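Visitor: The following block contains the structure, expressed as C-alpha cells.
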Amino acid sequence: MISRLLSLLCLRLCVGQTDIPENGSPPKPSLSAWPSTVLPTKSHVTMQCKSPTPSKYFILKKEGFALNSVKPYNLTEETADFHFTDLRQNDGGHYTCEYYSKWPHDTPSHPSNALFLLVTGYLPQPSFQAHHRGTVTAGSKVTLQCQKAGSVLGPVKFALLKVGHSTPVQTRSSTGMVSDFSLQNVTARDSGEYSCVYYQAKAPYRASGPSNLLEISVIDNHLPQDLAASTFPPQLTATSPKTPGTMTEGYTVDNLIRVGVAAAILLIVGGFLVEAWHSERLSPNKPW
C-alpha cells in the first residue's frame, strides 16, 4: 500500500514537472469574476485566479500594473481569490493575473487572458426593445435593439446582458445612437431575461445603468401548437413583477387544498383505527 502511494506521489511530481514548457514559463492561468463582470456601483466582486499547477503565490494586475498578491487558499495550491468591495468607476478596466510556480522554484507564468470589469450607473439608462413581438420558435432569429441616451455624445460600446450570466452575451461598437444584437437560430437555452448597457470605449469606461429587462421565451416548433401554448408563457414581453396580493392569494389557495387533503386522510385512517379497536373488543379471547 505504501509503495503504491509513493508511486502515485512520484507520478504527480513528474507530471507537475512536465507541465512546464521548454521555454521555462508555466502555462497561463485563468481569471474569472463572481457574480459578474458587469456590476453596479458600490457592489462587491470576487476575482478568482486559477493555475493548472501548484503555485506559491498569485498576482493580480490592472492594465499591466500589479495591484495585489496573495497565497493560494486551497490544499491543491491552484486557486486564489481577490475581493473588491464598494466598487467605483475607477475600478473598471482590464485585469489579468499571474502566478509563481513551485516547480521550478519561483518561476513566473504568462499572464491570463484579460478580464474586463465594468462598473455601471454613471451614464443615463438606455432604452431596450425587440424588433418584433409574438411567438419565438426554435431556429428563428431574434433582434434586440439598445439605444443610448440622446445627451451622451461620442462613440460608445454596447453590451447585451443576460440574467444568470457572469459575462456579456455580446458587445458592439457604435458611433451612432443605437446598436442591434442578433440571436441566431435560437434554442431553449436562449430563453431568459435580457438587458443592455453602453459605456465609453476608453478609460475611465464610464457606463450607463442597465436597461429594463426584456424576457424571451423560445418555443420548440416540434411541439403541437396547443401544447406549446399551454406550456410556455407569452413571448418577448417586458417583465412585470408579481404583486404581493396575487402571490399571497395563490399561496392561500394552495395551503387550503393541502389542509383539506390532509384532514380527509386523517379521518379515513382514524375510521379504520376505531373499527379495528371495536372489533378487537368484541372478539372472544383466544386460548393459549
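Keep in mind that glycine also has a Cβ here, set from the backbone N, Cα and C atoms.
According to Swiss-Prot:
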- 27-113: domain 'Ig-like C2-type 1' (DOMAIN)
- 124-217: domain 'Ig-like C2-type 2' (DOMAIN)
- Asn74: N-linked glycosylation site (CARBOHYD)
- Asn185: N-linked glycosylation site (CARBOHYD)
- 1-16: signal peptide (SIGNAL)
- 17-258: topological domain 'Extracellular' (TOPO_DOM)
- 280-288: topological domain 'Cytoplasmic' (TOPO_DOM)
Visitor: Using Cα coordinates, what distance in whole Å links Asn74 (N-linked glycosylation site) and Asn185 (N-linked glycosylation site)?
Guide: 41
Visitor: Around Asn185 (N-linked glycosylation site), which residues of its chain at least 6 apart sit with Cβ under 8 Å of its Cβ?
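Guide: Non-local contacts for Asn185 (N-linked glycosylation site): Gly139, Ser140, Lys141.
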Visitor: When DSSP states are folded down to helix, strand and coil, where does Asn74 (N-linked glycosylation site) land?
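Guide: Going by the DSSP assignment, Asn74 (N-linked glycosylation site) belongs to neither helix nor strand, so it counts as coil.
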Visitor: Can you count the other CB atoms that lie within 10 A of the CB of Asn74 (N-linked glycosylation site)?
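Guide: Excluding its own Cβ, Asn74 (N-linked glycosylation site) sees 10 Cβ atoms within 10 Å.
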Visitor: Work out the three-state DSSP category of Asn185 (N-linked glycosylation site).
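Guide: Going by the DSSP assignment, Asn185 (N-linked glycosylation site) belongs to neither helix nor strand, so it counts as coil.
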